[in-house]
Each structure stands twice: as structure tokens, then as C-alpha cells.
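As given in TrEMBL:
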- 305-381: domain 'Cytochrome c' (DOMAIN)
- 1-20: signal peptide (SIGNAL)
- 380-405: transmembrane segment (TRANSMEM)
- 425-448: transmembrane segment (TRANSMEM)
- 468-490: transmembrane segment (TRANSMEM)
- 539-562: transmembrane segment (TRANSMEM)
- 582-599: transmembrane segment (TRANSMEM)
Amino acid sequence: MKTLLTVLAVALLVAGSARSQDDNATCLGCHSEAGLMGENRHGQEISMTVVQASLDSSVHQGMACIDCHADLAGTKDYPHKETVNHVECGTCHSDIDAVYKTSAHGTASRDNPNAPTCASCHGTHNILSAKNPLAMTSSKNLPITCSSCHSKLALKVDPDIRIADSYDRYMRGIHAEGISKGIGSAATCNDCHGMHDLRKASDPKSLVNKMNIPTTCAKCHNDIYIQYSRGIHGKALAAGILDAPNCTDCHGEHEILEISNPNSPVNSSNISDYVCSKCHNDPRIVEKYGIAKGKFSSYQDSYHGLAVRGGSVKAANCASCHMAHEILPASNPASSINKANLTATCQKCHPKATEAFATSYSHNTAEAEFSRLDTWVKNIYIVAIILIIGGMIAHNLIIFGRYVVEKHRSNKAQPTVERFTAGMVFQHMVLTIAFITLVVTGFALKYPDAWWVKVLNVLGIYEDTRGIIHRIAAVFLLYISLHHAIFLLFTRRGKLEFKALMPVKADITNLKQNLLFFLGKSKEQPRFDEYDYTEKGEYWALVWGTFVMALTGFILWFPTFFTSFMPPWVVKIAETVHLYEAWLATLAIAVFHFFFVIFHPDQYPMSLTWITGKMTVDSCKHHHPVWYERITGKKADAEDETHPKQEQATKH
């Protein structure tokens, strides 16, 4: 009897296989045609082509087409009806189907045509076992499969919602690196998110829910999980405090990097600033949980904090002292910063550390006695610095001022020539005031944390006032620029000045000869005319800079008007040009102009021409011999004992 049943079972299998082959052959008669297209139930165009090779390698090998496409069973007339029912995998996989329907994917499939179905992840006619490296659900290929929806904005349903690019970030992480190296235990998508039971992170049952992430990570990192669960963060999260960090709050979600990677948030150079500070320097968290204020800032100001920010990979960060996962308050006997353990903690970096050494550093602002003493010492030094350095500045200004006065008296006692008219001195004075005001008020916006900006704030100059002053100074700059242009174009002296300021070929020769002279390679200095190459260069740089700053300034002042007929990016470009042109102009004045007007050995303590408009005859002979000879008709190197008290420079 047993033998008879065995033969009958084999016969049925053979008959079933033969039936499936016969049925499949009928279907493949049409569906093996390349390029056969149709529409699915959502009206989306899909390929209808099926090849025998796909069926032969599939886990469903031997099954008939109508086993899945059950509504076509019994069809005798071909081609069959165009609209066929959706394949119900749950007919065979009822347990998995029940789980899927309660998952995030199953829930979404009810009203979202883009939601993944069984075929989206497993394939259609070419379904392979997940153990097969070629399968869509193998550990190596699963990220690619998931990326068909979770890459960039492919999943985006609501245009107002921004979807994270999970795939690219995962592929940059340590888990994907492990998969690529063939490490079978490396985590792929379903290790963290689940498979058919995948749920949204907001679902309390989700493996990636805030409360469940530690146990999810524990599947691979159990030793670290034990440390974390013993620490204050793990305890707080288990108690339902959602502000407490879990694994992903510190390590990141998909783009989890090795600790040694300089881009990792938990790298020794980053962990304090980018991880711990997110909570321990957050006023809301500090206030909500009664954490002592100023701990993070005190660390930043300590040697450890400064050294880490300076690029040290050895200096202590938060985890060096507090540990990385088993973080406990100092009151806990097991804490690395408990009084009984503190010396041993310090000895990890300082082998000879003593108990006194260990207590010498603390960023615990609750130690009121030491905090008050430190504050007193700090305040005493601040006052001392202000008084001492301020006194030094005042002392030196008195000396400097005396030398300026003496030079002015000396110049008055000597014959002079008129270098600038009173009108030209006025133009320069207005330009100077406007320029300095623009520099101070402009950089105050860009660098609001600078100490000198704090001084402006003390004087009552905040953003609204700063902006008004900046614009007023800009108007004065434009006014004096227009005034100067009229002077150059419509006055006799202005026309002569304009001609004298034009670059000529001799400027290049003079530049070369001047450098050779000061390098000791030539015995003769060049003979300069009214303006040498440095003065011409500064002048035309000023003209160009004023034009650029005015143009970009107007764009920033009236962005609505300018973007009505210009591309929107012009505002950002104007902002960038305005900033760096300001830096260029400021540095040019400080480095170049101040040298020739103040710090040049021949001019120190300063040239007074910008105030008086005059220069001594001797200075004119020395610095501008060609100009002197032209306006006086005398040789610059000749002795002149009878030259007049003052000679006019209007003899151009």
C-alpha cells in the first residue's frame, strides 16, 4: 500500500509539472515576445515580456503561470482578457501577507500606487532566494532594491515634504563598506528596519522607533548596548525621556562612519562640538533638566577644548573623561568622574597624575568658591589690561602727537609748494571719514561677535542704527565722488590733476628702477613727476573700488528693484563682491597707503599734506623732482638759498 501511494504522489507531481510546462508554453507563446508592454492596475506602463530562463532559475520553478494568475485559469480563448487581477502572493504566503498588510508598506499600498508590493522587492518571474547573491533581497543588493524608492526624492508624494536621501548616505557609511567587503554580519536595510513587518519610525512597534533603536543596534553591538543601558542616557531613554540620546543621535542614521573617519560626528575631533554640545549647550535642555550652565563653554575655553579645536587628536574630549556609552553622573560610584575614580581617569593620559592634579581641573560651575575666585582674578586682569594698555596707548599718542606738532612747525618754517588746493583737501577729508565709517559699520554686520562690535553695542549702535549710519556714509561717498568728478572735468586745476594721474609708460620704468635702488642693485632713484606709480595705482584702485562698492551696494540696498530685471543670483554675487572688495580696499589702505603716508621713514610720524595741502620744497625736490622743475623752472638738485617762502603749484 505504501509503495502504491509513493508511486501515485510521484505521478501527480510529474503530471502537475507536465501540466505547468504545457500551460506555461501556451503563455510564453505570446509573452516571450521582446518589447511586449502593458499597463498595471494603476495605469502604469510595464513590461509583459517573460523569458523561460527567468522561470527556470526562480524559486517558483515548476509552478504554472495560472498558480499566480489564478483568474486566468480555464482560459481557452487567446489572447486572454486585457485586464487581469492583481497577483495575490498571500494565497501561498498567508502568514507573511498578514504581516505585510500591517506594515508601513502595506498600509501605504491602500492609497499610494507607488507603495512597494511583493514584486517591488522580490521581483516578478525571476524571484531568487535571499541567500543567492544575485537576488534583489540579498544583503549586497537589498540597498539597491530599497533605493528604487528611498533614493533622493523618488519617494516624494507631497511636494512640501523633503525626503532624506537614505541610499547615498548609507553607501558612504561603515555598514555598506562592510557589505562590499563581504562581511556577512554587516547591517543592511532589513537588519535595522525589519522585513515584511517594516514600520514607520513614529510607530512604537518600529525597530527604528526612538525607544527601540538601542535594542535594534544591540543585535550586532550587544556589548556596547549593555554599557549604554547602564549609563545615564540609556536609563533616561528607558524611563521615557525622549530628549535622551540613543545610538543614532550620536552616530547618525544611515551614514554611520568609523570613529577614525574625520567626518564622523563621534571622531575625537568632532564629538564635543558636534555631538555632546547639541544637548549640553542647548538652553532648552539645560533649563528643562536642571543641568549646570556653562559646562560646555568652560570646556571649550580650557586647554583640552582649545587643543582639540586647534587640531590635536590626543587632547581630551568629552568621552575621554565621561566615557562614550556608560556615562554616569559624578555621584555614581561607578562613574569615571566619581571622586574615587577621577585620578585613574586622568592617568589614562597623564600617567603621573595625582589626586590633587585630578581635582585641579573641573568645568563644574557648581563649585561656587573656586568659581568666584576665578571670576575675581579674571575681572582684576581685565581692569588691569584696560588701565595698563590704555595708559600705554595714551602715553604713546601724546609722544606721537608731539612729533606731529613739531613736524608741522618745521614745515611752516620752511618754503613750501601747494600740493593740494583747499578743495582737494576737503574732498580727501570727506572721503576719509566716509571710508572709515563704511568699513566699521560694514564689517560690524559681517562679524557681529567681534570685540569692537560689542563696544559699538555698548555705545547704542545696534543693527538698525548701524544700517542707517552705513547708508548715510554711502551717500557721502557718492556725493564726494560726484564732487570730485565735476572738479576733474570742469575746473582748470582738476583737468591738470586728471592728466597728471594718467598712467604712462615711464611708470613701468620707474617701478623697475625704484625696486632695483632699494634692493641695492642701482645707485640712482627714479625721478618722479607730480604723482609716482604708487600714487597713481592707489588713485585708480580707489576709482574702481568706489564704482564696484557703489554698484553692489545699491543692489543690496534695493534688491527688489534690481531682481525685477536681473537674475536672482545677482544679489548673492553682489553680497560676495561687496564683502571681498571691502576687504581688498581696507587692506590696501592699511598696508600700502598708511605706509607711504605714515610709516615711511621719510614721512614719519606722518605726511601733513593731507591736512595742510602743502609739502616742503625739499620734500618736493626729493620725491617729485620732475614736477618741481616744471612748476619752478629750477633744477631740483641745484642749491637754492633764495627760494621764496611758498611757491604755487599752479604753474603746471
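Keep in mind that glycine also has a Cβ here, set from the backbone N, Cα and C atoms.
Because TrEMBL annotations are produced automatically, they should be read as predictions rather than curated entries.
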Non-local residues, at least 6 beyond the ends, that sit with Cβ under 8 Å of the transmembrane segment (539-562): 438, 471, 474, 477-478, 481, 501, 503, 531, 570-571, 574-575, 577-578, 581-582, 584-585, 588
The domain 'Cytochrome c' (305-381) - residue tally per DSSP class, helix then strand then coil: 36 helix, 0 strand, 41 coil
Mean per-residue pLDDT computed across the domain 'Cytochrome c' (305-381): 88
Cβ-Cβ under 8 Å with the transmembrane segment (468-490): same-chain residues at least 6 beyond its ends: 423-424, 427, 430-431, 433-435, 437-438, 441-442, 445, 461, 497-498, 546, 549-550, 553, 557
